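Features as listed in TrEMBL:
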ACT_SITE  CYS564  active site, nucleophile
BINDING   CYS441, ALA442, ALA443, PRO444, GLY445, GLY446, LYS447, ASP465, ASP493, ASP511  S-adenosyl-L-methionine binding site
COMPBIAS  69-79  compositional bias 'Low complexity'
COMPBIAS  80-90  compositional bias 'Basic and acidic residues'
DOMAIN    336-625  domain 'SAM-dependent MTase RsmB/NOP-type'
REGION    69-138  region 'Disordered'
Amino acid sequence: LLYLVTFLSSSPVRHGFVNHSSPLSALCTLAALPRLQPPKSPRMEGVAPAISLLRPRASARSPILLAADSSAARRSTGARGRDMGPRRSVEASPSGAERSTVWKHGNAGTASRRSGITRLPKLGPGVSTKRTGRSKDPVINYDVSHHRAVAAVRLLRTEKGKAFVDLLNETTDDSGENEMGYVERTLGFSTRHLEDRDIRLVTVIVAGTVRWKRYLDYLIMSLCSEEKLFREMEPLLLQILRIGFFEILKLEVPAYAAVDENVRLAKVALRPGAGNMVNAILRKLVSLKETNSLPLPKIEGDDRAQARAISITYSHPVWMVRRWFRYLGKDEALRLMNWNNSDPHFSLRVNTSKGYTRADLVKRLESLQIHYEESIMDEFVHIREGMQAVIQAGLLKEGMCAVQDESAGKKPLKSFSFHFQLSLVVCAVDPQPGETIVDCCAAPGGKTLFMASRLSRQGKIWALDVNKGRLRILKDTAKLHGLDEMIIDVHADLRQYAEDTSAKYDKVLLDAPCSGLGVLSKRADLRWNRQFEDLEELTCLQDELLDSASMLVKPGGILIYSTCSIDPEENENRITAFIERHPEFVPQSVCGYVPAEFVTEEGFYSSRPTKHSMDGAFAARLIQSMH
């Protein structure tokens, strides 16, 4: 490095290039040359190695970033996802004797103007100017654990709100390649292709790490030499440590494998020093685990202090813990948090509208060697593992079934998510042939499709949603299931639609936006994305939507209100407030529409994770008087 600085600073003209404003800008130019010979300078005699030896090898584990000034020459840590300085990656020639460089930052002209270069060297045929992530032949690193690299990058994107926690996903055939594009842009290299088993591992690691984030961070901070080290830790380094802690503590991955693979990832993706830090912290964790002396908080003191300690041990926000203590009691709250931290199970609904039966679905699952449990409802089958096998076998593309996914209602899927508890909500609606029904917040479409399948080709369903893109996907899915002729999509805000239309419907379903506190086991990141203040905003929105939905009900018609929350403020209290504003509506018991075990004393539908071993949900039937 000393040689390069001296050489570039003291040489007015080298290799036909004029002097640059800084040694670094000259280095940007000289680095593009196929080979550089050092000048013979008395001052550097005995110090300077050949410049070719300073070039990184083809197997170099870290990307090199070159920029026209020192402020732009930054090393990617993963926090920014992708540095804006020019990037150079190295590829080895077949013989290994010569190495060529690949510039991947804009085009040659703009790069030269930014760096102060007056003219560019003639690049050889092996030199590309394509941007990183778009090259057909990306730099592939076979040394690192590919699924851990993908998981680390996905965790970074999840924390920024630019990715979902669940599957990578199954919506496109090239989803694995897309994920590798993110890895290459963030880490500077790609890893080998993700297979089905790798995708499952990424899903488990990402969801589990997010779910246990508060607990893992407490332990990481406890094992750091000082709290400041944890607070100022690079985001990518923190994600790698979280993965290692989760694997050792929750997945029971052999300690030597978890330590070795995560240390290697830190060294390659960051720098050797980061790998040494990961090695020290993970080995300390292993030692504490083996002696059963992990530094966990003591549950003692007043209610507030106990809630803080429990929020760490069970990895939940403090406000949730305190709220559940108040509404459910301590023991019930602890059982609920255990449920939220458990692995979710999924529900498959057979598509009876295309002539399939549950026996057909069960036969296919058995042929795929997927363990299943038959539901109390004829159309449903429960599975805990084997989702990728179901997807790869084409059960969804054939339209045989719809599949449960942990991001239901948020991410558009070709194979729509379908909460089992929402099927009971549809039972509370009780769609009958010939009826007109409006689904006020229809996307992603699970309830809409199920109701349409119950109409026996007689009747219509208006699928209303404010998101046009999700409505389009809903319509495509309806076509896949052969139900598109029965569903009319309406792109509108319910509040404005109710004001503008004079249409009235036999039944109106409002599955209102809510906190989602009943589905935390399937949506691992939701607990961290909700704040106590959100509840007040949501209850105000729910009141507005209920008032608007009531305007669409014809005299004698039915209004069904539902949520996937277990909080009484979003459920029973909203119905009480609505009836006070609209005395023309009277609650009607759901008894006879859903199994008796789900009927409350007030006649509402309610499912509880700790009571029914399924997601939490709520529904109420309200009938409008004829006058």
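Heads up, the Cβ atoms here are built off N, Cα and C, so glycines get one too.
Remember, it's a predicted structure, so these values are computed and weren't measured experimentally.
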Cβ neighbours within 10 Å, counted over all protein chains: which one of the binding-site residues CYS441, ALA443 has the most? ALA443
Neighbouring C-beta atoms (10 Å sphere around the C-beta of LYS447 (S-adenosyl-L-methionine binding site)): 27
What does the structure give for the C-alpha distance between ALA443 (S-adenosyl-L-methionine binding site) and CYS564 (active site, nucleophile)? Integer Å is fine. 14
CYS564 (active site, nucleophile) sits from ASP493 (S-adenosyl-L-methionine binding site) (Cα to Cα, rounded, in Å) at a distance of 21
Rounded Cα separation (Å) that holds between CYS564 (active site, nucleophile) and GLY445 (S-adenosyl-L-methionine binding site): 15
Diameter of the S-adenosyl-L-methionine binding set by C-alpha atoms, the set being CYS441, ALA442, ALA443, PRO444, GLY445, GLY446, LYS447, ASP465, ASP493, ASP511, in angstrom: 19
When neighbour density is defined as the number of other C-beta atoms within 10 angstroms of a residue's C-beta, which of the binding-site residues GLY445, ASP493 has the lowest density? ASP493
